[in-house]
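Written out below as structure tokens is the structure these notes cover.
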Amino acid sequence: FDKNKVQTTKYTVLSFLPKNLFEQFHRFANCYFVFIVLLNFVPQVGAIQPFVSMAPVIVILFIQAVKDLFEDYGRYKSDVEINSAECFVLKSSDDKYHKMKWSDLQVGDIVRVVCNSVIPADILLLHSSDPDGICFIETSNLDGESNLKQRMVVPKHWGDNHEFYPKEFKSIIECQTPNNEIYKFHGNMIPANGGEKISVNNSNLLLRGCVIRNTDYVEGIVLYAGHETKAMLNNNGPRYKRSKLERRMNTDVIYCVVLLLVMCLIGSVGNGIWASNMSNIEQAELFIPNEENGEALNPALSGFYMFWTMVILLQVLIPISLYVSMEIVKWGQVHMINSDIDLYHKETDTPIRCRALNITEDLGQIQYVFSDKTGTLTENKMIFRRCTIGGVDYPHAANGESPITFLLPNAGPVSCGLFLPHPPTPSSLYHPQQLSTKRPASHHRRNISSVSAREETDVTPDPVLYEKLISTPYSTFACNEASAAVPSLEKARIWDFFINLAICNTVVISNDSDDSVTASTTPDPYSVIRSLVCIFWWLKRACHQQLPSTCPPFILLITLFPFQQISTPGAETYKPLLTDEELSKIRYEAESPDEAALVYAAHAYGCVLAHRSSHGGKESVTITLPDGGGKLEFEVLHKLPFDSTRKRMSVIVRDPRNGQITLYCKGADSAILSALRRDQQDDVQFGKFRLLELLTKQYLDKYGRVGLRTLCISKRVLTEAEYSEWEQLHRAAERDLENRDQMMINSFVRMEDNLELLGATGIEDRLQDGVPETIEALRQAGIQVWVVTGDKRETATNIGRSCRLIHQNDEVIELITETPVTKTTNGENCRKSNIRRQFCPSMCHGRTLDFVLGTGNRDQPDTLVKEIADKFVLLARRCRSVLCCRATPLQKGMVLKLIKDKLHVMTLAIGDGANDVSMIQVADIGVGLSGQEGMQAVMSSDYALAQFRFLKKLLLVHGHWNYARLASMVLYFFYKNAAFVFLIFWFQILCGFSGGNMIEQSYLLIFNLIFTSVPPLVNGVLDKDIDAATLLKKPELYMQGIKDELYLQRTFWINMLDALYQSLIIFFFLYVIYLDTEVGLIEWGTVVTTAAVFVILIHLGIETKTWTWIHWVCQIGSVLVFFAYSLIYNIVCATCLPPSNPYFVMERVIQTGQFWFSILLVTAVALFPR
């Protein structure tokens, strides 16, 4: 086994230099320039001083090496800090815990972790200071989620005495090999006495990096250490993707290589011809290279040598600094995005985070956006709006609204029962300030689903439903449910319905006294209004009639009296087991907002989830019943967790009053309705169950049409024999290590059958601010928007209309099928009938996607799958928008990949939950929303946002800018290198293709590296071709990036032709101007170099759209640096690079009027077309 020491560094002191160079030489460009340097050491082809030619390559390699060194040094310091941390480890010598460094931990060590300490390794929980055998951990260091998660001691290990003796621990643990699945773990513990294997799972595992909370200490055994821990296996480093522009740029680099070879070949042939002509002339020519015997070189051999000499001279045609420059520019672009205040969400204190640093320009070329619905388009603040129980609909219209809206003048008579935040108690009426359970505004310890908004927690019960609930005590049904009269069956279902809501969940109960609102003598206005609402509700209940319209004066009268003197009729009948102070301190921390909404709904009706405990391996859950019903402690026999395959979760409990075993189940309607009991022998009873199912379906459709999220609530009563038989098979599945996952699902499905339908819920998830406007802007920009959701068709349709994905007059094509043949037919008919209607929306059901993607039937022929997929893509591309409903997480990723591969388009996926990860990872750009469903989407994303509306500016503004900037910069690099190289090439015509050069060697090497390198970097980060307001106002401007208009093969060759033209003007104009003058070769070369600097820099100035002081400083500074370098170099280093001698050349040239006239003339003529 590995030790717990971790090393995330890539290098050591000895390995840094060779390993870093080895990595850098994986880049073709670096290998190319090293090859050029080596060529310079060959005497026959050398054109530049060999050691001088090494300078540019060394500079580039050095910059990259320093960058890598600093990054690795940061990792080294982090490793030292982590490995030096201390924890308490049990030593066998004295059976006591001693401090030990994390790095010395080993698998099999028993450790103790105290509250607020970081867990040092992956530990199997054996003991907790909590008497219930549980502990709470915060996983924010691992997955970004800051809500507390509950973990439990290994069940049935220490028996009922709950004592832990570490030195007596001799058990054998079987577990999975190390893997990176942080939410999955299973294994077995074999007791030392040879007893039955005990199954262990993820709920018993404490992962490295998590923090112990609300528990004094825990003890456990190390299962995975060091690099085998799940945290380290998930540490994949920064995401790397290659952008579309970079892939195209690599193609253009190949074009440059081809152009270089052509020019070298021309030089080689020209030299051979010239050498052949010179050999026929008796007069010896100076500087013609000879062989060692003094004879002239063979023309063919001379041409061969000249080919490689030309490669050296023209090497800068391949931009050596382009890749490094792109990294610098992209870093600057990321900084500009991260600094945009418009992408900062003040309410949650969440800025944008760019997690991928090398695809900023892809933001400007997105053609398809694939979006999740829940939590992405919606707020993910679940408001309990409606429910149906036993075929009766109970509206909760006032939920989520401020009571003030119901007390406005001229509002007319209203049912004050709709105002009730939760069933009131006498103490809540006496002390209204204690009614509020909202945390202080400054409290931000938990920033996701653990904190529910006021509209989520304050559920207003329906008075009719509440009356039915409390009219008959629960004990009446618990004693002998089968003998209940038919009229009581409805009330029995109501009781089971709310018990299901209260206990069928994984909600963590927290009692944070620090979070509760401190009572004061002066209640806040909101609490006063709530108290008055409570009084009205109870007055209505006592009078059984609507309040008169003259109630406002009555309100004023009541508020004149002290609250302690108010009593209400019927209040004495409500006697809760928990005091109002205890109730006000209860906090529910749920992994999903849906669960929290349902638990708060049960809480509002008095079925309060109050406590969870575990004694001797037996788990229990306690709820309090409404209207003095007492406490009810259920023994939890099993939890069947939710998964995306089953689309439901269940809990099996034993009722303490009659010992009856009941399975409570909730889930998607498609999952629950298909598992209902169908074997009722009594026709009358079967008819009633069938009627209940039909009524519930009607209400589900009704809820869906108004955009509510729906869940079905059900139960199943088990006999002891049924449960015993299932448990035996389930235990066998738990102990299986090879096929455990599939066997567990099969076991769950076997139990979740023959269900009895209780009812359904409708939960509102409102659209986020700015969603309709953002979608409309994206569509105007030419981006096709797809919504891929797991919700039902009606809900998806309603949201589609609300967010303007579907317009009122649109004709919607729906693809709903059960067989591939029907799908093919429907798809063909839709395609034919709508072939010219290219702007109609389309809806696709998840079952249809099975046939399209080939995931529904494994026996389906590949040819049929391909045919269906092709027709689906053909239809979808003609639609303005597409909604895919009932889609599984796997289908989300597969449908995106299908469109991406078939249409070869740039895609963006945005989501907020774990079910969106596959879609986010497949897309060219993945965007994660840091919402209320955890941080898995963010951890898998390239960009993390707080709200969907921020996507508008990210794409339309920053995306457009970054694409335009980088495209312009890359083309400019190709242009300026080509323009400079062409000058050298034209000189070969004058010197007989002898490899001569009129430009001083140092200029040749640093022209592109220093003189003209900084201004394009500034443009790449700061230039704005169009201001942000215009881009947002005219989204169609984004089409420029979609069509790739700024960087095409055509634009590349236009820039190369521009470089050709400018080089011709510079070279031949200056040649004519200085013809027959006494100016030497080096002086004339200096004039040519100066003109090239002016033309190339002013060319960039013309291309610049937005000037800032930084642009001016860099432009003028580059010119000044050139002159300063030339003046100083010509004096202090005149003989550094023989045979040239540039002593005092620049000093003499700049004193002549001819120099300045020629520079101005050439610059004007060269840039005239621009």
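Even glycines carry a Cβ here, placed using N, Cα and C.
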(message) Under TrEMBL, the annotation region 'Disordered' belongs to which of these stretches: 430-456, 808-834?
(response) 430-456
(message) Could you give me three numbers for the domain 'P-type ATPase N-terminal' (1-53), the DSSP helix, strand and coil residue counts?
(response) 26 helix, 1 strand, 26 coil
(request) State the count of C-beta atoms found within 10 angstroms of the C-beta of Thr374 (ATP binding site), not counting that atom itself. (result) 27
(message) How about the transmembrane segment (1109-1129) with the transmembrane segment (970-990) - do they touch, taking at least 3 C-beta pairs under 8 Å (6 or more apart in sequence) as contact?
(response) no
(message) Quick check on the domain 'P-type ATPase A' (92-177): DSSP residue counts for helix, strand, coil, in that order please.
(response) 13 helix, 34 strand, 39 coil
(message) Using a Cβ cut-off under 8 Å, which residues of the same chain at least 6 positions beyond either end of the transmembrane segment (970-990) come close to it?
(response) 245, 249, 252, 256, 259, 263, 267, 270, 310, 313-314, 316-319, 321-322, 325-326, 996-999, 1004, 1007-1008, 1012, 1016, 1019, 1047, 1051-1052, 1055-1056, 1058-1060, 1062-1064, 1066-1068, 1071, 1088, 1092, 1095-1096, 1099-1100, 1103
(message) Give me the CA-CA distance between Asp916 (Mg(2+) binding site) and Asp372 (ATP binding site), in Å, as a whole number.
(response) 7
(message) Neighbour count, 10 Å Cβ-Cβ cut-off, for Asp916 (Mg(2+) binding site): what number do you get?
(response) 32
(message) Can you see whether the transmembrane segment (1002-1022) and the transmembrane segment (1081-1102) are touching - at least 3 CB pairs under 8 angstroms, only pairs 6 or more apart in sequence?
(response) yes
(request) May I ask for the residues of the chain that lie six or more residues beyond the transmembrane segment (1052-1075) and have a Cβ under 8 Å from a Cβ within it? (result) 252, 255, 259, 971-972, 974-976, 978-980, 982-983, 986-987, 990, 1084, 1087-1088, 1091-1092, 1095, 1099, 1154, 1158, 1161-1162, 1165-1167, 1169-1170
